[in-house]
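Participant: The active site feature in Swiss-Prot is assigned to H141. Taken from Swiss-Prot, the feature Zn(2+) binding site covers D176, H178, D264, and the record attributes it to similarity to another entry. Among the features that Swiss-Prot reports, compositional bias 'Basic and acidic residues' is placed at 401-416, 443-482. Taken from Swiss-Prot, the feature SUMO2 cross-link applies to K74, K438, K444, K456, K457, K473, K476, K480, supported by similarity to another entry. The SUMO cross-link annotation in Swiss-Prot covers K444, K476, and the record cites similarity to another entry as its basis. Per Swiss-Prot, the feature N6-acetyllysine maps to K74, K220. Annotation source Swiss-Prot lists S-nitrosocysteine at C261, C273. Here Swiss-Prot flags K432 as N6-methylated lysine. According to Swiss-Prot, the region 'Histone deacetylase' annotation covers 9-321. As annotated by Swiss-Prot, region 'Disordered' applies to 390-482.
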Amino acid sequence: MAQTQGTKRKVCYYYDGDVGNYYYGQGHPMKPHRIRMTHNLLLNYGLYRKMEIYRPHKANAEEMTKYHSDDYIKFLRSIRPDNMSEYSKQMQRFNVGEDCPVFDGLFEFCQLSTGGSVASAVKLNKQQTDIAVNWAGGLHHAKKSEASGFCYVNDIVLAILELLKYHQRVLYIDIDIHHGDGVEEAFYTTDRVMTVSFHKYGEYFPGTGDLRDIGAGKGKYYAVNYPLRDGIDDESYEAIFKPVMSKVMEMFQPSAVVLQCGSDSLSGDRLGCFNLTIKGHAKCVEFVKSFNLPMLMLGGGGYTIRNVARCWTYETAVALDTEIPNELPYNDYFEYFGPDFKLHISPSNMTNQNTNEYLEKIKQRLFENLRMLPHAPGVQMQAIPEDAIPEESGDEDEEDPDKRISICSSDKRIACEEEFSDSDEEGEGGRKNSSNFKKAKRVKTEDEKEKDPEEKKEVTEEEKTKEEKPEAKGVKEEVKLA
């Protein structure tokens with residue numbers, strides 16, 4: 001399968017400003033706020049100029065029941081913190097309550113996460129983008145009738161079902177530290193979806209993903225599991241990921257790829273035990289992108305939220321084939337990234353328990369399984385079912401140039417490289433970074449002493465205007481789908 005290096009591809013990105021408001025509860029490791037932090041960081045890096053940004057629609061119950069059972073989705077729609085006592089039996093039945101708590105706006109959170117992934121799949125199907133990104137998606141543990149591992153609705157399965165309307169074969173790759181059990185289970189008996197998961201195995205949630213789990217029936221050999229031990233580093237991960245994925249591409253020949261980019265496989269994750277850097281993690285994105293296939297990039301796990309934001313911002317830049325500086329731009333959550341205020345992280349000194357012999361042995365076993373695959377299966381394509389989302393109306397070329405264009409249309413426009421000056425320094429004084437942030441703190445008190453009250457008033461007004469700018473920009477980017 002042809003590989004290309006550094007090809008610029010069209011990218012669209014889904015984000016809803018409300019997603020950061022949802023709260024699983026005190027002490028719970030899953031924090032949707034990390035999606036807002038990611039969005040704010042990539043805005044301040046200026047990445048929004050190079051891609052189309054959409055606000056996802058809220059997926060409805062009908063869309064969700066394309067995979068999930070009716071009674072499970074009905075339960076998720078009905079349950080609230082104030083009526084939990086009426087649902088105690090169902091909570092047990094659907095595994096809701098501990099890891100997967102009931103919180104305010106639970107169903108709306110699922111709607112946004114799912115809406116972004118399904119809309120991304122529709123965009124890819126219509127060839128309106130090459131890469132679609134939804135960092136609020138990637139909730140890979142949810143089952144047909146059960147919540148699991150902080151996941152309630154499996155947006156990945158629903159997005160893959162949408163892709164299968166147009167694509168004969170879809171490849172799913174999971175680089176979260178946890179096994180992608182919910183997605184594997186959904187497609188365990190089909191040869192149209194291959195699931196490939198690299199994960200920690202052995203006394204670790206969810207406890208599945210053994211090397212010998214290879215699929216069943218028509219799906220035999222279409223589930224690929226690479227069980228790993230603690231402490232895997234960039235070098236070892238790259239040494240297994242590239243050859244395995246090359247062989248998978250050669251044997252399966254997919255026409256679309258879904259990549260779950262769970263960042264709990266990074267060094268220093270609150271729940272993880274791997275030792276990958278952001279660059280090592282992103283090498284997987286880069287490699288999959290090089291096959292030049294329609295690609296859906298999703299979030300997933302990630303519990304040290306400052307590193308989640310760093311990782312997904314950098315991987316958005318990789319998708320855009322854009323280099324961004326290691327020095328973080330000033331942003332709404334700047335203090336989270338101290339004391340170094342840098343984009344990239346260093347690995348720890350933990351031991352890599354994955355010996356070369358162990359990794360080689362697993363790799364050879366997987367190659368043997370992949371050799372058992374028949375040549376890429378042919379599928380008799382039938383009439384294409386209706387898209388999950390109605391087509392957007394209006395042709396930009398036919399619009400009257402004298403009329404003001406809608407916010408939706410203007411936000412879909414991508415700026416040409418030459419349209420802006422080389423400098424990203426917006427506003428007087430330039431874009432703030434760590435050094436002038438610290439300097440500003442030092443001289444603040446001296447400045448205040450010197451200024452007369454009238455001058456102070458003027459400065460306050462100016463600062464107020466500057467502070468409002470990024471927020472306005474963020475709102476501008478959140479576009480409603482037609």
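Going from the start of the chain as shown, residues are counted 1 onward.
Each residue, glycine too, has its Cβ placed from N, Cα and C.
Given the structure is predicted, the values throughout are model-derived calculations rather than measurements.
Quick one: where do these features end up spatially?
Facilitator: Within the same chain, residues at least six positions away from H141 (active site) with a Cβ under 8 Å of its Cβ are S148, G149, F150, C151, N154, H178, D181, G182, P206.
Around the Cβ of D176 (Zn(2+) binding site), the number of neighbouring Cβ atoms within 10 Å comes to 26. When secondary structure is read from DSSP and collapsed to three states, D176 (Zn(2+) binding site) falls in the coil class.
DSSP assigns K74 (SUMO2 cross-link) to a helix.
Sequence-distant contacts of K74 (SUMO2 cross-link), defined as residues of its own chain at least six apart whose C-beta falls under 8 angstroms from its C-beta, comprise A61.
K220 (N6-acetyllysine) falls outside any helix or strand according to DSSP and counts as coil.
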Participant: Applying a 10 Å Cβ distance cut-off over all chains shown, what neighbour count does H178 (Zn(2+) binding site) have?
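Facilitator: Excluding its own Cβ, the number within 10 Å is 27.
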Participant: For each of the modified residues (C261, C273), count the other CB atoms lying within 10 A of its CB, then report the residue with the highest count.
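Facilitator: The largest 10 Å Cβ neighbour count belongs to C261.
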Participant: If you measure from the C-alpha of C273 (S-nitrosocysteine), which of the recorded positions D176, K220, C261, D264 fall inside 10 Å?
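Facilitator: Qualifying among D176, K220, C261, D264: D264.
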Participant: Under a criterion of Cβ-Cβ distance under 8 Å and sequence separation of at least 6, what residues of the same chain contact D264 (Zn(2+) binding site)?
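Facilitator: Looking at Cβ-Cβ distances below 8 Å from D264 (Zn(2+) binding site), excluding near sequence neighbours, one finds D176, I177, H178, R270, L271, G272, G300, G301, G302, Y303.
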Participant: Same chain only, sequence gap of 6 or more: which residues have a CB within under 8 Å of the CB of K220 (N6-acetyllysine)?
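Facilitator: Listed in sequence order, they are I214, M372.
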Participant: When DSSP states are folded down to helix, strand and coil, where does D264 (Zn(2+) binding site) land?
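Facilitator: It is helical.
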Participant: Taking the centroid of the Cβ atoms of D176, H178, D264 (Zn(2+) site), which other same-chain residues have Cβ within 8 Å of it?
Facilitator: I177, H199, G262, S265, L271, G272, G300, G301, G302
